[in-house]
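Heads up, the thing below is written out as structure tokens.
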Amino acid sequence: MEIEEASRESGHVVCGSWIRRPKKVNWVVIAKASKRRGSSPALLNIFSFDPVTASLSSSPLATHTLKESDGDPVTVTVHPGGDYFICSTSKGGCKSFEIVGGATGVTILAKELLPLETAGVQKCMAFSFDGSKLAVGGVDGCLRIMEWPNLGVILDEPKAHKSIRDMDFSLDSEYLATTSTDGSARIWKAEDGFPLSTLERSGDENIELCRFSKDGTKPFLFCAAQRGETPLVNVYDISTWKKLGFKKLSRKTASTMAVSLDGKYIALGGKDGDVSVAEVKTMEIYHYSKRLHLGQSIASLEFCPSERVMLTTSSEWGEMVTKLSVPKEWKEWQIYALLFCLFMASVVAAYFFFENSDSFWRLPMGKDQKRPKISLFGDSSTPSEDHSRWNLDL
């Protein structure tokens with residue numbers, strides 16, 4: 001069963017992303033473009049998430065209004081620590097924001113981001129999983145990799161691609177994958193920005209989206225590709241960057257892609273509003289939401305960090321929170337409770353067999369027969385027999 005929540009003031013949401021907070025608390029940042037004729041400015045809202053109802057709060061915890069000179073938000077990326085996020089804008093480059101406060105009150109503080117304030121429109125951005133690096137990819141094809149938080153420049157490559165479409169860091173933060181609007185994809189060494197490889201593809205194949213595996217045991221890179229009219233998901237080995245195979249997970253072209261933080265599921269958001277969620281182990285569909293956004297292209301898609309819940313956004317229907325119909329998983333306390341019950345059951349069973357084991361050796365006896373008494377000195381006769389024998393001896 002799906003639990004969904006439509007956007008307040010829907011129709012103006014540009015993108016959204018989860019914010020991981022301490023104690024498995026999750027928030028969501030939603031970027032909204034300005035309304036037509038300037039009736040409402042561009043906004044950045046932070047909402048709380050209720051895991052019981054799988055829904056966002058009715059009113060935001062905090063709101064920040066973008067300046068008219070900044071234009072509208074393009075995309076956002078949140079630092080793994082949950083205290084910062086970056087927003088790229090249509091006119092003013094990139095803006096940095098700090099999240100201050102907790103349950104009693106939250107404030108969004110704008111911070112200087114001098115190296116990127118005049119960088120132009122950035123199509124995609126990503127923090128490394130260890131939080132030490134920030135990568136941004138421009139519409140002009142320029143790729144930048146910087147240290148965080150000191151913003152030291154690692155790579156500034158103006159001709160990385162024709163125009164950067166998507167990017168993702170590997171789980172160990174060692175590699176960065178990027179895709180281009182011309183269908184190509186490249187791999188970069190995140191530590192120094194060295195270009196390692198260009199992914200192989202067939203002549204009529206365009207690689208559009210990329211996500212690294214995140215379970216820590218399978219070193220794969222997943223790429224959503226279009227081969228003619230057929231959408232596919234290619235799988236690459238990150239030790240050799242060779243293609244291992246491909247799988248068709250969606251009928252329509254994907255507009256966005258995500259992998260759950262535990263690496264168990266991969267999701268594709270379609271240009272027609274459909275969402276497909278597959279198990280990585282089997283690459284079989286486990287959840288399918290048909291026309292979740294009623295025919296609109298899904299702008300952003302992201303798994304909740306600690307729940308089997310998905311956040312999707314579109315320009316027409318705003319943000320939606322969807323509970324995934326995937327098999328329930330054992331929680332840690334449930335596993336310990338099961339082990340304790342099994343242990344107690346084995347103790348009770350052992351006690352039962354111990355108390356009743358003698359009945360197995362109880363053989364049929366005559367009317368006057370008595371069970372022999374076992375002596376430690378080797379005499380197995382009964383007391384009556386011993387007494388009679390003593391009298392006879394006398």
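Using N, Cα and C of the backbone, Cβ positions are placed for all residues, glycine too.
Automatic, uncurated: that is what TrEMBL annotation is.
The repeat 'WD' annotation in TrEMBL covers 164-198. Sequence annotations record features per position, and here TrEMBL assigns transmembrane segment to 333-354.
Across the repeat 'WD' (164-198), the model assigns an average pLDDT of 97.
Using DSSP to sort the residues of the repeat 'WD' (164-198) gives these counts of helix, strand and coil: 0 helix, 21 strand, 14 coil.
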